[in-house]
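Here's the structure, in structure tokens; my notes come after.
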Amino acid sequence: IGIAYNRGMCDPKKSVGTVMDHSTEHLSVAVAMAHEMGHNLGMDHDGNQCNCGGAGCVMSEELIESRSYKFSDCSKNQYQNYLTIYKPQCILNQPLRTDTVSTPVSGNELLQNSANPCYDPLTCHPREGEQCESGPCCRNCKFLKEGTICKRARGDDMDDYCNGKTCDCPRNPHKGPATAKGSVLM
């Protein structure tokens, strides 16, 4: 059992549908939801002349359990007419990020639970006044002061220090010989 406004998808007061279904079959609930959303998208109940190639179509007046999982040719035409005649802007226009109600996003389009507070999730750029996001020489979105130890010495090695200009831990230029690809690092 359900109800929805016909062609109400882009009307803030009518973009709604209600479904009450006590079925334990999830597909049946999904079909009922698709049926009501079909009304929101300008689709009427299918008549006898409509065909979806199955036992029953999503917009049939009476759903035939889980077999009603396709929209009919009539429904597809009605949806196309809805788009052409009513030009529903909430469907045809790509919304601005500030117009959507959703989880904030970042570089990978998902904001992780441990999302970085240094970045604005709407722009994926550092927040104003922030210098860095992470690294051994970054704390609370700011570079650590020059001279802060970022890597303790081991053996005959020397401490490495932050330079106050980067989030990375630069290698101490006064270190003894170390090899990388056979060359001496200075």
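Even glycines carry a Cβ here, placed using N, Cα and C.
Since the structure is predicted, the reported quantities are computational estimates derived from the model, not experimental observations.
What Swiss-Prot records for 1-95 is domain 'Peptidase M12B'. Here the domain 'Peptidase M12B' (1-95) has, by DSSP, the following mix of helix, strand and coil residues: 36 helix, 6 strand, 53 coil.
Counted within 10 Å of its Cβ, the other Cβ atoms near Cys10 (disulfide bond) come to 17, all protein chains included. The disulfide bond annotation in Swiss-Prot covers Cys10-Cys90 (among others) and rests on sequence analysis.
In sequence order, Gly2, Val58, Met59, Leu63, Ser68 constitute the residues six or more apart from His35 (Zn(2+) binding site) in its chain with CB-CB distances below 8 Å. Per Swiss-Prot, Zn(2+) binding site is recorded for His35, His39, His45, and the stated evidence type is sequence analysis.
Residues or ranges marked as active site in Swiss-Prot: Glu36. Close to Glu36 (active site) in the fold, though at least 6 residues off in sequence, lie Gly2, Ile3, Ala4, Gly17, Thr18, Val19, each with a CB less than 8 Å from its CB.
Over all protein chains present, the Cβ of Cys50 (disulfide bond) has 19 other Cβ atoms lying within 10 Å. Taken from Swiss-Prot, the feature disulfide bond applies to Cys50-Cys74 (among others).
Annotation comment: Swiss-Prot describes Cys52-Cys57 (among others) as disulfide bond. On its own chain, Cys52 (disulfide bond) has Asp46, Val58, Lys70, Phe71, Ser72, Asp73, Ser75 as residues at least 6 apart in sequence with a Cβ closer than 8 Å to its own Cβ.
The domain 'Disintegrin' annotation in Swiss-Prot covers 103-177.
The pyrrolidone carboxylic acid annotation in Swiss-Prot covers Gln131. Counting every protein chain shown, 16 other Cβ atoms lie within 10 Å of the Cβ of Gln131 (pyrrolidone carboxylic acid).
Its Cβ placed at the centre, Cys132 (disulfide bond) has 19 other Cβ atoms within 10 Å. Residues or ranges marked as disulfide bond in Swiss-Prot (evidence: experimental evidence): Cys132-Cys141 (among others).
According to Swiss-Prot, the disulfide bond annotation covers Cys137-Cys162 (among others), on the basis of experimental evidence. In the three-state DSSP assignment, the secondary structure recorded for Cys162 (disulfide bond) is coil.
Here Swiss-Prot flags Cys138-Cys167 (among others) as disulfide bond, drawing on experimental evidence. Cys138 (disulfide bond) falls within a strand segment according to DSSP. In sequence order, Gln131, Cys132, Leu144, Cys167 are the residues of the chain that are 6 or more apart from Cys138 (disulfide bond) and have a CB within less than 8 Å of its CB.
Remark: Cys169 (disulfide bond) has Gly135, Pro136, Cys137, Cys150, Lys151, Asp160, Cys162 as non-local neighbours, by Cβ distance under 8 Å and separation of at least 6 in sequence. Taken from Swiss-Prot, the feature disulfide bond applies to Cys150-Cys169 (among others), supported by experimental evidence.
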Model confidence over the domain 'Disintegrin' (103-177), averaged pLDDT
77
Could you check which of the disulfide-bonded residues (Cys10, Cys50, Cys90) sits closest to His39 (Zn(2+) binding site), going Cα to Cα?
Cys10
Are any of Cys10, Cys74, Cys90 (the disulfide-bonded residues) within 10 Å of His45 (Zn(2+) binding site) when you go C-alpha to C-alpha, and if so which?
Cys74
Compare the C-alpha of Cys10 (disulfide bond) with the C-alpha of each of the disulfide-bonded residues Cys50, Cys57, Cys74, and give the closest one.
Cys74
Can you tell which of the disulfide-bonded residues (Cys74, Cys90, Cys162) has the fewest other C-beta atoms within 10 angstroms of its C-beta?
Cys90
